[in-house]
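Student: Can you read through this structure? Questions will come right after.
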């Protein structure tokens, strides 16, 4: 906001001259001043090449998670990692990733999203190379933590750049592509990671998995010039106190859930969860006080005044907790109980991922036919698919991988009908100036939900498997997944039709705001 001592003018008037300004509020005390909002020149539209780079980056995000899950057993064998250390190899990345997402979302809004995007990709590339050379488990855990920070830098810039540079049908297509690349990254991590471990060139094993991630990151970084450079209209100061409190809360939550789910809830996991609750409460109180005082908090509580954001984030927690737990449980059944190799287990999920990708790419067409019913219909189909998966999971071990394929394909297609519109619902409900913050908030909810799903549903599965066959335990836990899908459908139905329109233009782009200001000029 700039202070310009000029005569009072009508709210909405446009300042003549070189810089476009729009009067947001008029306040005329004794020294006669007014407050204006400067509108930057609208960014260039997102090209196909730019969208491809953003999609490759989003592919890398899910690839890093999926490939690490495949690689950790080989790390344990070659570096003699204990169960706790194996958990920390995964949790170090997810904890720092989730912790830093909102911070880097704000930094992208302030400093320029392309700059932060490129820095994050380079950081992931360098740390992935270094992780491949890690001599012991401790150094690998540290490098994974740094890798998570790098991924947190580029991930929120993907959705915020899409929001700032697209609208209407173009935005729907872009979000569909981003959703498809997320599914591709998951499948690619499972299949490529497993293939590299099976091939095992030069006996390097798990190291090649991280080097493959480095190649993807550096290729995307080299092409970053195709991404439009955008930033928020106003630079907001960083909230260092809020950042520190949120860091403590999320680190304690994610590490506590990860250790608890893996090690049977030792006292340290409960202590970490108590720290998470205390730090989270202090964080929220600090954010409310900061906003009431007129400062710029890290996560403005007023953001949650938008009902689509509140309901959308709840739906994100439901969706991602079920999704993360399902993949985890499938790996336990297929690899540990039925003796499938990592490659065979990953290949068996390819049809599931292909269905997700295919339906994601057709999302604009589906939206034109179903409109606001897309998410409820997708959730209903997901529930049907999960029930079918529970029934087919009871097949004999010899045909198990093939028997579950029809149900898995239906689940993958249905989840694509939920994921893309869910992201569009949340992103279209916020102004462009906090698009990066909101993109970080979505990804943070995603990571917290992954950890929560594995810690609760995954632990439930292992408890059931202790008293019955793995296939019967999997079938029973899928009934809980079905309940989660029904809860998602009810939340989607509770949104008003215009609130759940897939990727709708609930928020105008900078160009549209400028045009509206020009029309109001007299």
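Cβ coordinates are placed from backbone N, Cα and C, and glycine is handled just like the others.
According to TrEMBL, the record shows the following:
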type	residues	note
DOMAIN	50-500	domain 'Major facilitator superfamily (MFS) profile'
TRANSMEM	51-72	transmembrane segment
TRANSMEM	84-104	transmembrane segment
TRANSMEM	116-135	transmembrane segment
TRANSMEM	141-162	transmembrane segment
TRANSMEM	174-197	transmembrane segment
TRANSMEM	209-228	transmembrane segment
TRANSMEM	240-261	transmembrane segment
TRANSMEM	311-333	transmembrane segment
TRANSMEM	339-359	transmembrane segment
TRANSMEM	380-401	transmembrane segment
TRANSMEM	407-427	transmembrane segment
TRANSMEM	473-492	transmembrane segment
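Provide an account of the burial state, proximal residues and distances for the features listed.
Tutor: Residues 46, 51, 54, 57-58, 60-61, 64, 68, 85, 88-90, 92-105, 107-109, 113-114, 116-124, 127-128, 130-131, 134, 171, 174-175, 178, 227-228, 230, 423, 427, 435-440, 442-443 of the same chain lie 6 or more positions beyond the ends of the transmembrane segment (141-162) yet place their CB under 8 Å from a CB of it.
Remote same-chain residues near the transmembrane segment (240-261) are listed as 84, 87-88, 90-91, 94-96, 98-100, 102-103, 268-273, 275-276, 279-280, 282-283, 286-287, 290, 297-299, 444, 447-448, 451-452, 454-456, 458-459 (criterion: CB distance under 8 Å, separation of at least six residues from the stretch ends).
Remote same-chain partners of the transmembrane segment (407-427), defined as residues 6 or more beyond its termini with a Cβ less than 8 Å from a stretch Cβ, comprise 159, 162-163, 171-172, 175-176, 178-180, 182-183, 308-309, 312-313, 315-316, 319, 323, 326, 349, 351-360, 363, 366-367, 374-375, 377-382, 384-386, 388-389, 391-392, 435, 438-439, 442, 488, 495, 499-504.
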Student: Which one of these stretches, 51-72, 174-197, 209-228, 339-359, 473-492, has the most C-beta pairs shorter than 8 Å to the transmembrane segment (380-401)?
Tutor: 473-492
Student: Restricting attention to the domain 'Major facilitator superfamily (MFS) profile' (50-500), give the mean pLDDT.
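Tutor: Averaged over the domain 'Major facilitator superfamily (MFS) profile' (50-500), per-residue pLDDT gives 88.
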